[in-house]
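Features as listed in Swiss-Prot:
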| type | residues | note |
| --- | --- | --- |
| ACT_SITE | H537 | active site, proton acceptor |
| BINDING | L52, T53, E73, S125, N129, G130, S132, V272, G570, M582 | FAD binding site |
| BINDING | K558, V559 | O2 binding site |
| DISULFID | C186-C228 | disulfide bond |
| CARBOHYD | N111 | N-linked glycosylation site |
| CARBOHYD | N213 | N-linked glycosylation site |
| CARBOHYD | N278 | N-linked glycosylation site |
| CARBOHYD | N409 | N-linked glycosylation site |
| CARBOHYD | N531 | N-linked glycosylation site |
| SIGNAL | 1-18 | signal peptide |
Amino acid sequence: MKSTIITSILFSVATVQAYSPAEQIDVQSHLLSDPTKVEGKTYDYVIAGGGLTGLTVASKLSENPKIKVLVIEKGFYESNDGPIIEDPNAYGEIFGTSVDQNYLTVPLINNRTGEIKSGLGLGGSTLINGDSWTRPDKVQIDSWEKVFGMEGWNWDNVFQYMQKAERSRPPTAAQIEAGHFYDPACHGTDGTVHAGPRDNGKPWSPLMRALMNTVSAFGVPVQKDFHCGHPRGVSMIPNNLHENQIRADAAREWLLPNYQRDNLQILTGQKVGKVLFNQTASGPKAVGVNFGTNKAVNFNVYAKQEVLLAAGSAISPLILEYSGIGIKSVLDKAGVKQLLELPVGLNMQDQTTTTVRSRANNAPGQGQAAYFANFTEVLGDHAAQGINLLDTKLDQWAEETVARGGFHNVTALKIQYENYRNWLLDEDVAFAELFFDTEGKINFDIWNLIPFTRGSVHILSSDPYLWQYANDPKFFMNELDLLGQAAATKLGRELSSAGEMKKYYAGETIPGDNLPQDATVEQWEDYVMMNFRPNWHAVSTCSMMSRELGGVVDATAKVYGTQGLRVIDGSIPPTQVSSHVMTVFYGMALRIAESVLEDYAKSA
């Protein structure tokens, strides 16, 4: 059976260049690699992690010359792999190098261990990701306030910060002709982070228009712009890069213009192990961090105002647990004395990815597009089955998830599930993304955007420098997640040779002969379980929501029950989003930086 869609058919842009050797040396000369240079010192703010959010917030705080900021980053600045980092067309070549942390999961479904790709170095995952630049659905961000009680976290507010972060570059006439549409009202033009069309100078592939014409013939909208609050349909997308096609990573955008500030120091090659606290009448107050490379070689540095955790969704919860903040049973097992009970490390929401690839005839040239497909487009003939699951299984799923250790409160988790049900059935929110790439092939990378599975990440020992933890996304422990991934992958195969695409289709290579052309969705489920990979978009391990619903941080990113401690990275969004996540994280970082500065002004 075929899917319904088939059967119903602060540098100016001109001057930005690749890093020069002289520039490399100058930046390196301003960075610190000797931990004794900061040992025992006091800064206003100590930031654990020099990735997207860490460097963004550090840049904003240090605009005030009176504020002293220290960033501690486990990795380094650039590397021997620098040219690969700078070229967004070399995506994937950087994996396995010195800037890829490559966390491993516990054994997953079918006893497969997953690799979690994550950037290591100043810039974090912006050094290695696909630099795709899209925004989520309005109702998703609105739910952060409406459902989870986070005042001020609504689309209209967050959209302003996403625009403030952006320095957008409109497409040229040739790019528009190829299918690169643009709505200037949905973009910022005066921000720090450069974004615009990816263009390697080759002709544009006719496959872009062929895909648009194929899906639009069956009622799928061709989107003018995926940044306006309802990314459903198909369009080409901008990327996080400069006009000369150099990657606009967070180090280039936020560090390079500011590394010479006297009040901003960056320490590399050191890992933050835990937060230091003083006990007060109002509860534990963060006063610094312990950092280093191993149990015998570590140091303390102090924060007069706040400690800000920006180590990412896999690591920030571990730092909290090593510091004594978390679930008592987890901390007891690891040998850590509990300081505060919070559901740290739970509610992990990552996505899964599969690929469909075919050869292409007479379709040379470049181009990337995305098809954000809604629930019925993805499930097709199985839509009624999916609706029935959402109407009858939420209670059961919540109970099973809590029993497996993905969350701690059945009632609160059901509220999350009801929110997702509303998105999918009532709000036309995209359920899956089919990311389309050409260059002599028809290639879809496909992921279910809205997972109901909840995983976890927890420490396994009391030594933060041993790197012992359990990263357990629990992929496909929910039947709708598996059905959705299978149906979306099946849809990718069908689209590859449907409509106008058919004249360019020259035979499938993935899955190819590994799966019959008339495979059922059940056969696709078996295939998916053996051939998926993590999508590396995990969020919510330190969820920003009301404490009653299972939150770890409040609407200002402050850790509940503490003073002087915030989590400011991708571990705090309470939901997944139907987009690539950089735009959300940048907007989030700017909003949090503003909140930190407001508190600083009050204290001063």
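Cβ atoms here come from the backbone N, Cα and C positions, even for glycine.
In this structure the alpha carbons, written CA, of the residue listed as 'active site, proton acceptor' and S132 (FAD binding site) are 13 Å apart. Secondary structure at S132 (FAD binding site), as computed by DSSP, is strand. Most buried of the recorded positions L52, C186, C228, V559, judged by other Cβ atoms within 10 Å, is L52. Nearest to K558 (O2 binding site) in space, judged by Cα atoms and limited to the recorded positions E73, N111, C186, G570, is G570. Among the glycosylation sites listed here, namely N111, N213, N278, N409, N278 has its C-alpha nearest to that of L52 (FAD binding site). Nearest neighbour of N409 (N-linked glycosylation site) by Cα distance, taken over the recorded positions E73, N213, N531, G570: G570. Closest by Cα distance to N278 (N-linked glycosylation site), from the recorded positions C186, N531, G570, is G570. Residues listed for FAD, L52, T53, E73, S125, N129, G130, S132, V272, G570, M582, cover a largest CA to CA span of 29 Å. Comparing the recorded positions N129, S132, N278, N409, N531 on other C-beta atoms within 10 angstroms of each C-beta gives the minimum for N278. Residues within less than 8 Å, Cβ to Cβ, of E73 (FAD binding site) and separated from it by at least 6 positions along the same chain comprise G49, G50, G51, G54, G121, L122, I266, L267, T268, G269, Q270. Cα separation, C228 (disulfide bond) to S132 (FAD binding site), rounded: 16 Å. Here the candidates are the recorded positions N129, S132, N531, G570. The one whose C-alpha lies nearest to that of V559 (O2 binding site) is G570.
In terms of C-alpha distance, the listed recorded positions S132, C186, N531 place N531 closest to N111 (N-linked glycosylation site). With respect to C186 (disulfide bond), the closest of these recorded positions in Cα terms is S132, chosen from N129, S132, N213, N531, G570.
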